[in-house]
Ligand SMILES: O=C(O)C1=C[C@@H](OP(=O)(O)O)[C@@H](O)[C@H](O)C1
Ligand SMILES: C=C(OP(=O)(O)O)C(=O)O
């Protein structure tokens, strides 16, 4: 059953009497859902994805691969892909619309760079501002011919024969790494990629499950890609998205009297930065029902707690990149001054997330100072709402963070641009409502 999507302006009630209670299984992981479609498409045979994330970003990926001639059907959260193999994609008749999704765009660039037909990529206004040369430049070193528009979408990818490369990544980005791996699969020789820092490793793990030969050294940053693998379809249960569970982990930690359990959350250690940070801040969080079938998963029980301030630097950022606005919210209630640095990548997400958080937190009267690459937040000062009209800045994660912050004040607020939440979590407000007993 499809849930009702969030529409543009949302009234936020605030002030919970009894905290958050109960259990929830959050939707499927966004990174894994995108990759499940892509890798299923370039494998041979049938791939079935259960608990696929039916949010707008992943539907952009699904539609793009249908346009590339891949038979894909969806029944609720189950997606079936009839793979066409690494060289079986067909030229799309229309430009491929990437919507709002950076992951779709950057990964598909690596894949289409080595096909024997041209492709055109377009995106929405937000995506069209995001940097694409970070992908097209290293792909060019492999022989790719990609024309970007002033470094952005729209882009034309003229498929070319690719060669293996020995490349040190210039940004800590799983999307760039994944694009190079997908290009490396189609090359005429081995590729060796060296990351600046370890980033989410779903591409490497999943491609191995599909039969590709990809090695990761014990340093966690050196990846060897062997070309022209024979990949076969698989059946995959997509774990719950840690990045979606994160909103409720933070809400339950901050709203007094709360105790909730989040079922079947993905615990890949390249994604669990928020879990570690919350524990370090004094959060009450415990794991049960731990399982490892491909990706590790666990049930997380989270209770309200008094939190200490924290310092976070560049080394910790990749594992918590999408949850940093939530770390800022934790800091805004911690008993002291917290500092987050090394997070300049936040400026090139769906919006400039550093600037958006500072703007929205100022409306709540939170003591926050903007840095080029992060923020300093003093959680000891009481909040005082000075503007009750919050704004998502067209960014799903900013929208959900502000809806979470609104649970902590004693007055109704509004959130404009709430429909952006459909990008990653259309059922967010429904799921939140199930945890609230007023
Ligand atoms: O590879 C992925 O699935 C993602 C990688 C990250 O982006 P970067 O690679 O730009 O850091 C993350 O912010 C994004 O939400 C999803
Ligand atoms: C940055 C994000 O996604 P993407 O880069 O795929 O648009 C996100 O989901 O927070």
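Every residue, even glycine, has its Cβ placed from backbone N, Cα and C.
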Item to complete: Quick one: sort out which of 1-23, 24-46 is the region 'Disordered' according to TrEMBL.
Response: 1-23
Discussion item. If I go by TrEMBL, which of 161, 335, 339, 349 binds 3-phosphoshikimate at the same site as 30, 31, 35, 173, 175, 322?
Written reply: 349
Worksheet item: For residue 175 (3-phosphoshikimate binding site), which of the binding-site residues 130, 353, 397 has the nearest Cα in space?
Response: 130
Fill in: Distance-selected binding-site residues near ligand 2 (C-beta under 6 Å), from 31, 102, 130, 349
102, 349
Item to complete: Just name the winner among 31, 173, 175 (the binding-site residues) by count of other CB atoms within 10 A of its CB.
Response: 31
Practice prompt. Identify which of the following binding-site residues, namely 30, 353, 397, place a Cβ less than 6 Å away from any atom of ligand 1, and list them by sequence position.
Written response: none
Practice prompt. For residue 130 (phosphoenolpyruvate binding site), identify the closest of the recorded positions 30, 31, 35, 173, 322, judging by Cα separation.
Written response: 173
Worksheet entry | Spatial neighbour of residue 397 (phosphoenolpyruvate binding site) that is closest, considering only the recorded positions 31, 35, 322 and their CA atoms | 322
Discussion item. Please report the distance from the Cα of residue 322 (active site, proton acceptor) to the Cα of residue 353 (phosphoenolpyruvate binding site), rounded to the nearest angstrom.
Written reply: 10
